[in-house]
Amino acid sequence: MRIAVIGTGYVGLVSGVCFSDLGNQVVCVDKDERKVAMLRAGEVPIYEPGLKEVLVKNAEAGRLSFTTDLTEAVQQSEIIILAVGTPSLPSGEADLRYIEQAARDVALSINEYKIIMTKSTVPVGTNHKIKQLVSDLSMKPFDVVSVPEFLREGSAVKDTFNPDRIVIGTDDATAATKIIELHQQLTDNIIVTDVRSAEMIKYASNAFLATKISFINEIANICEKVGADVTKVAEGMGFDKRIGSSFLKAGIGYGGSCFPKDTQALIQIAGNVDYDFKLLKSVVDVNRDQRYSVIHKLEAIYPDLATRKVAVWGLAFKPNTDDIRDAPAIEIIQELVARGVKINAYDPIATDNFRKVVEHENITWCEGAMEAAAGADALCLLTEWPEFEKTDLSALRATMNNAVLIDGRNVFSEEELRDKSFIYRSIGRPNMNTHNDLSPLPIT
Ligand SMILES: NC(=O)c1ccc[n+]([C@@H]2O[C@H](COP(=O)([O-])OP(=O)(O)OC[C@H]3O[C@@H](n4cnc5c(N)ncnc54)[C@H](O)[C@@H]3O)[C@@H](O)[C@H]2O)c1
Ligand SMILES: O=c1ccn([C@@H]2O[C@H](COP(=O)(O)OP(=O)(O)O[C@H]3O[C@H](CO)[C@@H](O)[C@H](O)[C@H]3O)[C@@H](O)[C@H]2O)c(=O)[nH]1
């Protein structure tokens, strides 16, 4: 099939690469000339493991190309995939200006029958609006199909080639057949629904996963007070197939370009039809508070926190990505800096992106983990990059001014820390937090 993908963010790029790898002819369109020039040169504008290899392979095979010329791309394709951003407005509602503009651009370019397949996450009813918008501008035949995307950053290639399911929302049987054909090599779990249900499946899925995270974070907070270990609690719960073990990792809360935005949007979608989504509002509140748990733990150790130097390991919202959109590290570092704390920050990949959003004279950007820890009064681990697990804790203790470790992602274990003389705080693991055997060094 001949496919045009509009937007070369995570979703557009990975979809384009996947469909070309399946033998289709794919052209990816972006209005950002810099991105298109990079992609044409075989460079990938985002850090996503495995993406570059498969992109270059398909580009060299002549199945995948990149352009800024939307009209030509649309005219030569049968299927047009909309994969542009739908960020949050200040109200929390999804900002539909990019998807509406892309739909208009497509409408003005249609020369013959097209299937417009929306992969962007859009509020319920948006695909009907897109249909209206296109038919207002074009007399040519077309169908609009909602195919929400479920990939995760950091494992986007694997997720796209091995999806748990494909959801196809359409009212048209012919379009459904064509889109099923496009995906049938990927999975047998293809669910065809009406358009509104497909749109809702995406929001409901993200809201449910966010709920699991806020739930386990609240359990963690109670564990700290009653003397239980949340990692054991989550393990014990996860063996129950009805609960499942995934998305039960307690920490400093969820971030990223999707959960914060999509939970807010669903609250708004509900509000627009006079439904007060109380549960999801609490999920969002819990998540906001959870980010501050790191600061509360620091304050409990250092009443004079403002005079201290704190190392931060991890700036990206999760490991294996350079994406810092709504990363918990942003709010945590901004709050510490506002209090006068000096920060040594380090991330293996995301520092350049982070500096575009947070810049302050009290922040020193470091090239390595040990460099960041040198002379610090405390170290906060905010992203569980694999390299942090391999830390030589004796060397870490020796380089820090005070051996205080706040582990926001429960990376280290009690065994590893025994006899290392750290004051150690993690999330929901009270035994370690009060363990006298750790013989903490006196704080200077
Ligand atoms: N990032 C994810 O992991 C993920 C996963 C599932 C779903 N989604 C959803 O997919 C959508 C895209 O997210 P993303 O993170 O991949 O995108 P992004 O915001 O990183 O990139 C969007 C791209 O679209 C381009 N663009 C915007 N308007 C255009 C137009 N009219 N013509 C050509 N190009 C245009 C922009 O220049 C940009 O490069 C969002 O709705 C998001 O919620 C994202
Ligand atoms: O047990 C867990 C799992 C995740 N997180 C955090 O949750 C956030 C999101 O993680 P993840 O879901 O792995 O990454 P995303 O790339 O944001 O993917 C989510 O958002 C995408 C965009 O909608 C969807 O496509 C995916 O299915 C959905 O998992 C990150 O900050 C994680 O640190 C936790 O705190 N605990």
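Note: Cβ is positioned from N, Cα and C throughout, glycine not excepted.
Quick look at what TrEMBL lists:
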type: ACT_SITE; residues: Cys258; note: active site, nucleophile
type: BINDING; residues: Asp30, Lys35, Thr86, Thr121, Glu153, Lys261, Arg325; note: NAD(+) binding site
type: BINDING; residues: Phe150, Leu151, Arg152, Glu153, Lys202, Phe247, Leu248, Lys249, Ala250, Gly251, Gly255, Lys318; note: substrate binding site
type: DOMAIN; residues: 311-414; note: domain 'UDP-glucose/GDP-mannose dehydrogenase C-terminal'
Would you mind checking how many other C-beta atoms are within 10 angstroms of the C-beta on Lys261 (NAD(+) binding site)?
22
Measuring Cα to Cα, how many angstrom lie between Gly255 (substrate binding site) and Asp30 (NAD(+) binding site)?
26
Three-state secondary structure, which DSSP defines for Arg325 (NAD(+) binding site)
coil
Candidates Asp30, Lys35, Arg325 (binding-site residues); nearest Cα to Arg152 (substrate binding site) turns out to be Arg325
Within the chain of Ala250 (substrate binding site), which residues six or more apart in sequence place their C-beta under 8 angstroms from its C-beta?
Ile216, Asn217, Ile219, Ala220, Val230, Thr231, Ala234, Asn410, Ile427, Gly428
Among binding-site residues Asp30, Thr86, Lys202, Ala250, Lys261, Arg325, close to ligand 2 by Cβ (under 6 Å) are none
Just to verify a number: CA distance, Glu153 (NAD(+) binding site) to Cys258 (active site, nucleophile), in angstrom, no decimals.
10
Per DSSP, to which secondary structure element type does Leu248 (substrate binding site) belong, with helix, strand and coil as the options?
coil
